[in-house]
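**Student:** After the structure tokens below, expect a handful of questions from me.
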Amino acid sequence: MASLPIDIALDGSRGRIAAFFATTVGKKMVMAVTGIVLVVFVIGHMIGNLQVYIGPEAINHYGELLRELLHGGFIWVARGGLLAAVLLHIWAATALTLDSWKARPVGYRRRQQWTESTYASRTMRWGGPILLIFIVYHLLHFTTGTAHNDFVAGDVYHNVVAGFSIWWVSAFYIFAQLVLGLHLYHGVWSMLQTLGLSHPSYNRVRFGISALITAVVVVGNISIPIAVLAGVVS
Ligand code: HEM
């Protein structure tokens, strides 16, 4: 656990807040709160994406509405909030990982048992960077069009259909959604624990909430590239 100089730690409430965020519990709280913001975004984004099934007008109109809401101000406030949440989430994850490495400077002589917690933290540690790579590619693909084969600004429907018509692009999206699923499942599970549902008697509720959110987001998102490749959306 990182420690603060005692004069800063005792310097009124600012010191106390800084000291709190230097603790493991403080960093886990940052992970949990930014995690909620990101989970809400991912669910909302998936619902927006499903409009591709209604047709070109619906999803293009939806994209236009998001860009024009509050005279174009909404999207920038949402982007700022999302970026802050992602950066804080990565900061807390990195700090917690470094803390756990510091706490165990010498490796175990025998490989640790494949317990639930080690399995979860392993998948979180490789899943996070893969998701980051996916998000950068995704923004270059569907937002700026830089990594798109046939990008038409404002025509979200066309961009989605043309983008997913390339099988390996769809395969990468499907892979990324499966990684997102693992990350979401373990993330929501730990988030609920940090926020108070930590007693084993709540395990069923935590399992139910984590599994439901994961299944809805993963199935909803993966269905889109599959529907394009199958010719259902064209
Ligand atoms: C198959 C799944 C997905 C599809 C079909 C999809 C589709 C899209 C499309 C079409 C846009 C551009 C919208 C527009 O310009 O109006 C977009 C933007 C975006 N997507 Fe996705 N998306 C998917 C998954 C994800 C996931 C899993 C994440 C995050 C983990 C994500 C994060 C974003 C972000 C941050 C933006 C930029 C929003 C902005 O600032 O304008 N997407 N997505």
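Including glycine, each Cβ sits where the backbone N, Cα and C put it.
Pulled these from TrEMBL:
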type	residues	note
TRANSMEM	30-54	transmembrane segment
TRANSMEM	74-98	transmembrane segment
TRANSMEM	119-140	transmembrane segment
TRANSMEM	160-186	transmembrane segment
TRANSMEM	207-233	transmembrane segment
**Student:** Check the transmembrane segment (30-54) against the transmembrane segment (119-140) for contact, please; criterion is three or more CB pairs under 8 Å, pairs 6 or more apart in sequence.
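**Tutor:** Contact absent: fewer than 3 Cβ pairs fall under 8 Å.
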**Student:** Same chain only, please: residues at least 6 beyond the ends of the transmembrane segment (74-98) with a C-beta under 8 Å from a C-beta of the stretch. Say none if there are none.
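**Tutor:** 2, 24, 27-28, 30-31, 34-35, 37-38, 41, 66-67, 124-125, 128, 132, 135.
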